[in-house]
Each structure stands twice: as structure tokens, then as C-alpha cells.
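**Q** Starting off with a structure, shown below.
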Amino acid sequence: MTNIRKTHPLIKIVNHSFIDLPTPSNISAWWNFGSLLGLCLAIQILTGLFLAMHYTSDTMTAFSSVTHICRDVNYGWLIRYMHANGASMFFICLFLHVGRGLYYGSYTYFETWNIGVILLFAVMATAFMGYVLPWGQMSFWGATVITNLLSAIPYIGTTLVEWIWGGFSVDKATLTRFFAFHFILPFIIAALVMVHLLFLHETGSNNPSGLISDSDKIPFHPYFTIKDILGVLLLILALMILVLFSPDLLGDPDNYTPANPLNTPPHIKPEWYFLFAYAILRSIPNKLGGVLALVFSILILMLFPLLHMSKQRSMIFRPLSQCMFWILVADLFTLTWIGGQPVEYPFIIIGQLASVLYFSIILLIMPATSLIENKLLKW
């Protein structure tokens, strides 16, 4: 009798995706982040579901409903902080996952990579709308500032902003629709993840060498299930340390003040994971230019397959490209730091230099470095 795992229509799909999947034997811990992102998404959907049971999306009661969750609901404080800090863990895993893709040339799988970039946009949109829901000062002013950026779009900008707001300012209609979108988007993300995996399994996984590994594949289970469980335990450990010891470490104190349209906080800034893009936005004095730079700072990831000039796929044997990659990482850290600083000297000029360097490295320096390495290979 054949195994049900290999014959049952539903279980067969799971088997081909997570059990009998042929996997390169040499993939390192950098390949753990896909499964960790799946775990993060599951944690966010579950904690979010329980939060939604007690949350009210009304401007009069939103802030107090979050307070009620933390004070009166059984383990409400735990659920709330797991959700808030779970978002941070989600983005840490996302950035490492994307960084791995860039370093090892995984972007040469066009469909998988482009769906991944769309997923990144979807997660960023979800996180932004989620930050608005507690209706604190930073929630309100963050929503006002970021949605207002759309007014830079010629001709339709102002109408578009008022349409998104559902009025002439960020108010009850805005909060209600943001809650609705924040609830539905994770399920759309989950569907996109399925498509992401579908395209990945069409080609098989990349590996650190960047070479074809068809001759050396091993089953996903038990080898990589065990490896993933280690990653899962470390992620949960990190998340729980954050939640139980310093839950407000990554938050903004201003968000513990209820939203007040008449009082602007001294420094309006988004959550830490958006600061690099926010720094790029602020470094351009023109509103439309800033918005375009902001969008392009993420959209530029889609150009990586076109900008790949090297004869080798991975950076593992390319020391010059490695050097440029780590300069890019350092530049992103610099942008993140600048995004959280006030708009004054010397932060303005540092932000502008870091922004120019960011686009220069990706569009010019890395392709040029690859061409130089190709020449060196001939020697």
C-alpha cells in the first residue's frame, strides 16, 4: 500500500513542499529566515485576531480600548506586546532574508524575487496601518504626515488624500478603514506567500555557492525541519526576552499620549524599521522628489536582476562585491540612525550623503565592481 502522504491530494502538496522537497545539502543558517517569516506571520495573525476581539476602531474609544486590553483582559498585555514587538522581529527577519537574497544572488529567480518585493510592500503597508490603530500622538501624526505625501502627486493628489482620509483630516473614517485594511492584508500576504513558495519550488532553492546543486540534494525532512526548529526556538527566545523585559524598547513614548490634532509632537518619526526610507524621503527638499525617492528606495530591489553584471551568481567568491555589499549595509544603518534624528545640521547633510550613496552603490558601483571582477577573472 502506498503512503497516504504521497497519494492524498492535500497531504501530497504539503509533502512536496515541506517533507520530500529536494533541498541543497549546503544551505546555511541564512536560509532559515523564510520559515521564521512564516512563523512571524502566524504569530501576528493569531495575536492580532485576539486583539481585534477587544479593540474598537473609533476615535473616542480606540486609545482606551488598547489600555483596557493591557489592564483588564487576561494576558492582554502579553498579546499586545507580542503583536507590537512581533512586527519588529518580522522586519528584522525580512531585512536579513532580503540581504541574504542580495548576497547570494537569489534575485536571479525573477518571479520569486518580484513577488518577494511585492510582499515587502504589503508588509510595510500593514505595519504602517497597524501603527495608527492605538490612536496615540505618533499614530495620529504619523498617519497625517505619511498619507499627506500623496498630495504631491500632480493633479489628483489632494483629491486622493481626502478620499483616503474619508474627510478633510485624519479622523474616525480613516481609523475605521485602516483597521479594516490592517485586518485583511495579512491574509492577502499569506496568499502571496503561497505564490512565492510556488515559484520557488519550480526552480528549487539557491545555495551559498550559487552553483547548480541538482547532483547533491537531500530531503527537507528531517534535516532542515530540525534546523528550522532551532531557528524557531531562537526567534521565540529573542521575542519573549524583548516582550517580557523591555516591551517599549522599540516604541515611541509619544504614543502613550492620546491623539490630539491641536498639539504636534516635536519630532514626528515612524517605527524604527521605516527610518531608512524616512531618511531618504527627508533628504530631498522637494515634496514630489522625496516621495519618488521613498518609493524607489524599495522598488529598486526589482532592478537587481537587471543590474547583475557578474559571471558568477553568488558573492561568496567575489571579495570586491562583498566589500560593496557591506558598505551598503553600513549605509542602511546610517540612514536608520539619521531617520530618527531631528532635521538640523549635521544630520541633514549626513542623510543626503547616505541617500546618494545608497542609490549610487546599487545603480552604479555594484554593477561596475562586477564588471571589474569579470575582467580580473580573465587574468
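Glycine is no exception: its Cβ is also placed from the backbone N, Cα and C atoms.
Just lifted these from Swiss-Prot, have a look:
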TRANSMEM  33-53  transmembrane segment
TRANSMEM  77-98  transmembrane segment
BINDING   HIS83, HIS182  heme b b562 binding site
BINDING   HIS97, HIS196  heme b b566 binding site
TRANSMEM  113-133  transmembrane segment
TRANSMEM  178-198  transmembrane segment
BINDING   HIS201  ubiquinone binding site
TRANSMEM  226-246  transmembrane segment
TRANSMEM  288-308  transmembrane segment
TRANSMEM  320-340  transmembrane segment
TRANSMEM  347-367  transmembrane segment
**Q** Before we move on, state whether the transmembrane segment (178-198) and the transmembrane segment (288-308) share at least 3 Cβ pairs under 8 Å, counting only pairs 6 or more apart in sequence.
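**A** The transmembrane segment (288-308) and the transmembrane segment (178-198): touching, no.
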**Q** What parts of the chain pack near the transmembrane segment (288-308), using Cβ distances under 8 Å and only residues at least 6 beyond its ends?
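**A** Those are 98, 102, 105, 107-108, 110, 113-114, 117, 120-121, 124, 149-150, 152-154, 276-278, 280-282, 355, 358-359, 362-363, 366-367, 370, in sequence order.
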**Q** Which of the three DSSP-derived classes (helix, strand, coil) applies to HIS83 (heme b b562 binding site)?
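**A** In the DSSP reduction, HIS83 (heme b b562 binding site) maps to helix.
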**Q** Sequence gap of 6 or more, Cβ distance under 8 Å, 3 or more pairs: do the transmembrane segment (113-133) and the transmembrane segment (226-246) meet that?
**A** no
**Q** Short question: which residues 6 or more past the ends of the transmembrane segment (226-246) have a Cβ under 8 Å from it?
**A** 29, 32-33, 35-36, 39-40, 43, 78, 81-82, 85-86, 88-89, 93
**Q** Compare the Cα of HIS97 (heme b b566 binding site) against each of the binding-site residues HIS83, HIS182, HIS201 and report the nearest.
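**A** Spatially nearest to HIS97 (heme b b566 binding site) by Cα position is HIS201.
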**Q** Relative to the Cβ position of HIS196 (heme b b566 binding site), how many further Cβ atoms are located within 10 Å?
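**A** Around HIS196 (heme b b566 binding site), other Cβ atoms within 10 Å: 21.
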